[in-house]
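Notes for the one structure printed next.
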Amino acid sequence: MEVQHLSARNATVTSREWSASQVGFLVRVEVLVTLSCALLTALVFLGSSRRNSHSAAFRLVVWLVLMLSYPAVFYTIGLMQSGSFDNSLVVVWACFLFGCSDGIATCSVDGNDKQARIMLNQATQVGRERVLTADNWLISKYMVDEEQVSSFYDFDPKNMDGYKYVVTGEMKKDGRDADSAQGKLLDATDAYVVTVDKVWQCEGSLLSSKDSSSSKFKDLCLSFALFKLLRRRLNSSPLPELGDIRTAVFVRRGIAGGGDHERLFRVVEVELSFLYDFHYARYPSPKQTLIPETAMFVAQMALSLCTLFSSPLLHYSSNNNPAAGDNKTISTGLDIWLARLVIALFVILELFQYLSLVLSDWHKVKLLCRYVRRRSWHGHRAMEMLLWLVCRATLTTRYWSNTVGQYSLLHACLENERSWILRMPLRHEWVKRRLTEARTVTRRNLPTSVKQAIHQHLQSDWLCYSAMYGDRTLQRNILEYDFEWSTSSYRHGGMGNLLIWHIATAIRGAADAGGDAGGEGSYEAATTLSNYCGYLLFQAPELVTDAIYDERLLMEALHRRIQKHLRSNQCHSERDMFVKLSAFRPSGTNTSEEDDILADGVRLGSLIEAKLPDEKQRWKVLAEMWVELLLTVTPSHNVSAHVNRLATGGELITHLWALLTHAGMIERPTPCTLWAPYVYVGE
């Protein structure tokens, strides 16, 4: 034992002496350089995937990498400066490692503001604030002028005639160049100003051909124009086009027109990607040129490649002798390979970031608008082929997660009763809530049936009526007499309205499991949207209501009431739960709100079965009902809540929020509110 103890102590002493030696110090630096390179590489490539991931583990990894990257780089460079060894490659490591650190992207709105640590990023922040004031005011003033001079009937949303939404060119003129006669700061007839209708009227083959590429290029410009209109909501700028008939029919007959439901979501998805980039990325505006970035990129590439293939690095050799006590260069034999790795990594990261700029949607919009303005490019085969290749190439395959959260209130209560972990008395309610979310909240890919149901509903006359909260669905299916009490006139308001239909859908879904006899996806659409609304009420109430605190209290009270009922009736399976719920009746005369909602939900489930005996028709009505309910609660003035959600994968309701903004619907209706800007919407 003494021999083993002595051997271990000798090994410890030897390792400490080696670590304190010049070679050991150099090895520590090399390890830290390697670790820093790995962190920076992970941050650059993983950071671009934040927008399409809802995974908490993924966000944690990106956050940890962000928190460790800068400290690791600066600590490594500081350690190099404090070393007493002689190795000329340390300078190469430090220079290129510091260059790599510029590739760090931001993770949140607050983190984006902290870029002001660097002088150039301070200028970026000042420019962003200027955009939210000057540019938004200019667009709002332009929309007022355009509404006054536009013809009442001279428009067609199918080919965008009459839709003079500005794509680019609004800052070409300043106040000194304004039209003295009309007092306009921006004129759609100006050749430099590119509007949506000009893009659609462009005669160049790149935009006028009938293939899918031309349609996507035009939709890209449309998305950017819509982004500029939506951006005004960030600082509560006026929206003068809300009273314009063109706005009332833009969604129904424009982007939702035709039979392509994917186009509707693609246009809004790209629009929100511009909003995401405006907050979280560092893409230049289309008004800016890429000449400075290109010059810097060429200089960096030239310097990096000349260094990488320079004679000293190609013919590097070490005369290090660790046993000698001289001042010769200290080397481990891996330092030259590490230097080459750092330089190669710098080249790859800079190339990736430069391509991110060149192939960004911002730059594509700039090129397409330049193509619209310059008729000399029309018919120029080489130029059109080059533009086609740039606009087709992309580094981003999707802009959001394309998933929806799923939460079933009844099933969550049953799961809580069956789980011994969740039945434990926990001191902190926050811990219990996180455990509940982990076990009961899931995500699923957004089904095509849901997209089709939303698309068909927007193509209908729903936006033309004041009927909300399911009223229009009842009118269309001649069900007002039996179900009128459960929609806009429900006694416990809009959130109670959602909850009773959520409970009723869960009851019918269990009874008709595997339904959808017609094979039209109505069962999938109705259950998915029902559980998505349950998810919003449970985990993101700020997106569907302004009374967030009251809604949380109602959900918690309803959760406790259902669990109490399940516990008293000893329900341990899904079948037992639905059998016992069917017999639920509030006790006493002065019932609570949660008792009323649970009882009304059970009653509604039975009424649906009685009044809609045909299974196919039943789920068709439920699918229409849930689309209308979701669209009704979508309008909101809580812009920051939607913007924050863009950084964590995005939400379906955010896409619908942007869509309804362009349809002129920005106020969430209450049961006593009528919203009908125009009754007429032509076919």
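Keep in mind that glycine also has a Cβ here, set from the backbone N, Cα and C atoms.
Those TrEMBL annotations? Automatic predictions, nothing curated.
Annotation source TrEMBL lists domain 'DUF4220' at 63-411.
What TrEMBL records for 25-46 (among others) is transmembrane segment.
Distant neighbours of the transmembrane segment (58-78): 29, 32-33, 35-36, 39-40, 42-43, 46-47, 49-50, 94, 97-98, 100-101, 104, 107, 111, 648; these residues of the same chain sit at least 6 beyond its ends, with a Cβ under 8 Å from one of its Cβ atoms. What TrEMBL lists as transmembrane segment is 58-78 (among others).
The transmembrane segment annotation in TrEMBL covers 90-109 (among others).
What TrEMBL lists as transmembrane segment is 336-360 (among others).
Within the same chain, residues 30, 33-34, 37, 40-41, 44-45, 48, 89, 92-93, 96-97, 99-100, 103, 277, 283-284, 290, 293-294, 297, 300-301, 304-305, 307-308, 313, 316, 318, 390, 393-395 sit at least 6 positions outside the transmembrane segment (336-360) and bring their C-beta atoms closer than 8 Å to a C-beta of that stretch. Per-residue pLDDT, averaged across the domain 'DUF4220' (63-411), gives 78.
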